[in-house]
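J.: Below is one structure. I have some questions about it.
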Amino acid sequence: MSERLPHEKGFHISWDQIHRDSRALAWRLQGFGPEDGSWRMVVAITRGGMAPAMIVARELDIRTVDTISVKSYHHQSQGEAQVLKFPDAGLMGDGAGVLIVDDLVDSGKTLQLVRNLYPRAHFATVYAKPEGREQVDTFITEVSQDTWIFFPWDMALQYVEPYRGTD
Ligand SMILES: O=P(O)(O)OC[C@H]1O[C@H](OP(=O)(O)OP(=O)(O)O)[C@H](O)[C@@H]1O
Ligand code: HPA
Ligand SMILES: [Mg+2]
């Protein structure tokens with residue numbers, strides 16, 4: 001386990017923001033697939049990649065969607081990445097024509113593992129940190145390495161004290 005704290009900054013993403021940024025990702029990917037500008041299928045890296053992958057698949061009208069389950073973090077500490085479930089081997093081949101989507105790339109370990117399995121796939125994430133940027137082919141927004149991104153599925157609305165407290 002390598003400790004990744006402290007993260008000095010927090011970047012809090014709303015549902016609306018992840019929807020907009022995932023759409024922007026689809027817009028950027030549109031027309032760049034290897035088969036007449038399209039991809040054969042979308043693969044989401046669970047769990048964080050599932051919402052962005054759904055939005056990308058919807059925008060690019062891709063109906064074949066599969067998942068690869070990779071586990072590498074426990075809270076904010078990273079362990080060895082391991083595959084818990086593989087996508088359909090017959091559909092995947094070496095990854096040619098496949099678009100693999102995740103919410104973010106941080107150290108790049110997750111994408112490196114998946115890239116080794118499917119070297120010809122196209123890798124897309126919504127957010128990227130500098131250490132992992134080389135592992136991703138297309139992304140939308142870069143944040144600094146010491147920023148922790150908080151996704152809407154990990155948060156809840158709650159009361160906050162006013163800046164100036166009342167007596
Ligand atoms: O580039 P890396 O340093 O490998 O980190 C990025 C990965 O870490 C997070 O997933 P996590 O393993 O926490 O699982 P989850 O998607 O189920 O939350 C995130 O969703 C990426 O998949
Ligand atoms: O910044 C992050 N936010 C959420 N999950 C993560 N997994 C790796 N880095 C991050
Ligand atoms: Mg993940």
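Placed from the backbone N, Cα and C atoms, the Cβ positions cover glycine too.
TrEMBL annotations: computationally assigned, not manually curated.
Feature list, courtesy of TrEMBL:
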- 14-159: domain 'Phosphoribosyltransferase' (DOMAIN)
- Arg47, Gly48, Asp102, Asp103, Leu104, Val105, Asp106, Ser107, Gly108, Lys109, Thr110: 5-phospho-alpha-D-ribose 1-diphosphate binding site (BINDING)
- Asp103: Mg(2+) binding site (BINDING)
- Asp106, Ile149: xanthine binding site (BINDING)
- Asp106, Ile149: guanine binding site (BINDING)
- Asp106, Ser107, Gly108, Lys109, Thr110, Trp148, Ile149: GMP binding site (BINDING)
J.: Spatial neighbours of Asp103 (Mg(2+) binding site) among the binding-site residues Arg47, Lys109, Thr110, defined as Cα within 10 A: which are they?
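T.: Near Asp103 (Mg(2+) binding site) by Cα: Arg47.
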J.: Can you give the largest Cα to Cα distance in Å, as a whole number, for the residues Arg47, Gly48, Asp102, Asp103, Leu104, Val105, Asp106, Ser107, Gly108, Lys109, Thr110 that bind 5-phospho-alpha-D-ribose 1-diphosphate in the record?
T.: 17
J.: Could you round the CA separation between Arg47 (5-phospho-alpha-D-ribose 1-diphosphate binding site) and Ile149 (xanthine binding site) to a whole angstrom and send it over?
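T.: If we compare the Cα positions of Arg47 (5-phospho-alpha-D-ribose 1-diphosphate binding site) and Ile149 (xanthine binding site), the gap is 15 Å.
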J.: With every protein chain in view, what's the tally of Cβ atoms within 10 Å of the Cβ of Thr110 (5-phospho-alpha-D-ribose 1-diphosphate binding site), excluding that atom itself?
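T.: Around the Cβ of Thr110 (5-phospho-alpha-D-ribose 1-diphosphate binding site), 26 other Cβ atoms lie within 10 Å.
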J.: Suppose we screen the binding-site residues Gly108, Trp148, Ile149 by Cβ distance to ligand 1 with a cut-off under 6 Å; which survive, in sequence order?
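T.: Checked binding-site residues vs ligand 1; flagged Gly108.
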J.: GMP site residues Asp106, Ser107, Gly108, Lys109, Thr110, Trp148, Ile149: biggest Cα-Cα distance, Å?
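T.: Farthest Cα pair among residues binding GMP: 17 Å.
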J.: For the binding-site residues listed here, Arg47, Lys109, which shows the highest count of neighbouring CB atoms within 10 A?
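T.: The most densely surrounded of these binding-site residues is Lys109.
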J.: Please report the distance from the Cα of Trp148 (GMP binding site) to the Cα of Gly108 (5-phospho-alpha-D-ribose 1-diphosphate binding site), rounded to the nearest angstrom.
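T.: One finds 15 Å between the Cα atoms of these residues.
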J.: For the domain 'Phosphoribosyltransferase' (14-159), what is the mean per-residue pLDDT, to the nearest integer?
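T.: On average, pLDDT over the domain 'Phosphoribosyltransferase' (14-159) sits at 95.
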